[in-house]
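Chemist: Below you'll find the structure I mean.
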Amino acid sequence: MDNGMLSRFIMTKTLLVFCISMTLSSHFGFSQMPTSSVQDETNDNITIFTRILDGLLDGYDNRLRPGLGERITQVRTDIYVTSFGPVSDTEMEYTIDVFFRQSWKDERLRFKGPMQRLPLNNLLASKIWTPDTFFHNGKKSIAHNMTTPNKLLRLEDDGTLLYTMRLTISAECPMQLEDFPMDAHACPLKFGSYAYPNSEVVYVWTNGSTKSVVVAEDGSRLNQYHLMGQTVGTENISTSTGEYTIMTAHFHLKRKIGYFVIQTYLPCIMTVILSQVSFWLNRESVPARTVFGVTTVLTMTTLSISARNSLPKVAYATAMDWFIAVCYAFVFSALIEFATVNYFTKRGWAWDGKKALEAAKIKKKERELILNKSTNAFTTGKLTHPPNIPKEQLPGGTGNAVGTASIRASEEKTSESKKTYNSISKIDKMSRIVFPILFGTFNLVYWATYLNREPVIKGATSPK
């Protein structure tokens, strides 16, 4: 009995210990299994990706393009513009900051793994084949490297690569300035392969002609232009090394006229109006009218020089040049008009003065003759007149004295009236009407012509 009881006791204790251990293991051991499995899975993925990357570059030659000898490599491109501007008129160039995306397929980089898309470090871009894209009209291009190279590289399991770079490009923008400052321009951005002709590499737009070039809503950095929109297309050029495809994106710009109205147009208009004030001054006011004429001519000269400083030295006249030239003609004509009036005014003074001098001499002789006769008659009458005849009836009496006084008064009045030799010039009268009408008509025709017509954008090509 004792042995049986001892055996049962031992078995019971053993069973109890087993149950307790199972309970503890279920509480602690099973709770640690998920973490351990996640870590193991992560480690396995890292190991798998490492093996994939190591295997991708085994026997890979980045000197050879994908599909060499079998097919043409197609490179799909699109552009996202983060900042557009500024635009330099004098240099005929513009600056643009973009995310430049390129996508192509390289069957040598196909892989099988737990993920369909594999994000890669930008260092791998130097170890694989990438398109030799360059910008045809680029003057200066910068690839951003702060804080690390701004590049993105993604690889899909079928070998499709997405390569994105952030670039700042200064590109040429040919401008036709005949309509300046009411002009519009299409600034192109042209890029393509440097070495591969169409028989080896072709470029296409990723999202067609409408969405392949997108400008951010707050991406415009323009003070003198409105960014009206953008269009894309393709061009083909033939050289001695083959035929190449050029991808083109045109950014359509319309100039803002407000700055030039304040800076040039209003001062020119006010100067012309000021020059016409001289028509209302007396033609005898030679200093005042001379100051008006010379000052306005010098002002127009200064305005014409300053207006040209913001433009390149083109060989043709712009719309602003025509306006300034006409205003200059009006101002100079006002000065010539004054010179003409002044010339005839001097001649009028000379002839009127000569006639007045001759008339004064004749009147003086007549007056002396009359006075002599009156004095002699008065003296004779005083000595010999009959006593019954009043003095008023005698020749040379008081009546004659009154007549002589009236003659003198009329002569003085005549001489006073002769002092004003010149009336208002007929040329001035005509100029007061003709000059404002002509200048107003010119402004009406000028602004109606340039503001109401559609802007002519030269250099833009229709999308293909």
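Every residue gets a Cβ built from N, Cα and C, even glycine.
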Chemist: Could you pull the disulfide partner of Cys173 out of Cys187, Cys268, going by Swiss-Prot?
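Modeler: Matching partner in the record: Cys187.
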Chemist: Return the residue, from the listed disulfide-bonded residues Cys173, Cys187, with the maximum count of other C-beta atoms within 10 angstroms of its C-beta.
Modeler: Cys187
Chemist: Express the distance between the Cα positions of Cys187 (disulfide bond) and Asn145 (N-linked glycosylation site) as a whole number of Å.
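Modeler: On Cα coordinates alone, these residues lie 27 Å apart.
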Chemist: Report, as numbers and ranges, every residue of the chain located at least six residues beyond the transmembrane segment (261-281) whose Cβ falls under 8 Å of a Cβ in that stretch; write 'none' if there are none.
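Modeler: Non-local partners: 288-289, 292-293, 296, 299-300, 303, 306-307, 320, 323-324, 327, 330-331, 334-335, 337-338, 428, 431-432, 435-436, 439, 443.
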Chemist: Through the lens of DSSP with three states only, how would you label Asn145 (N-linked glycosylation site)?
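Modeler: Going by the DSSP assignment, Asn145 (N-linked glycosylation site) belongs to neither helix nor strand, so it counts as coil.
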Chemist: Where else in the chain does the transmembrane segment (430-450) make close Cβ contacts, counting only residues six or more beyond its ends and a cut-off under 8 Å?
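Modeler: Cβ under 8 Å, 6 or more out: 179, 182, 269, 272, 276, 279-280, 319, 322-323, 326, 330, 333-334, 337.
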Chemist: I need the nearest neighbour of Cys173 (disulfide bond) among the glycosylation sites Asn145, Asn207, Asn236, using C-alpha distances.
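Modeler: Comparing Cα positions, the closest of these glycosylation sites turns out to be Asn236.
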Chemist: Under DSSP, is Cys187 (disulfide bond) part of a helix or a strand, or is it coil?
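Modeler: DSSP assigns Cys187 (disulfide bond) to strand.
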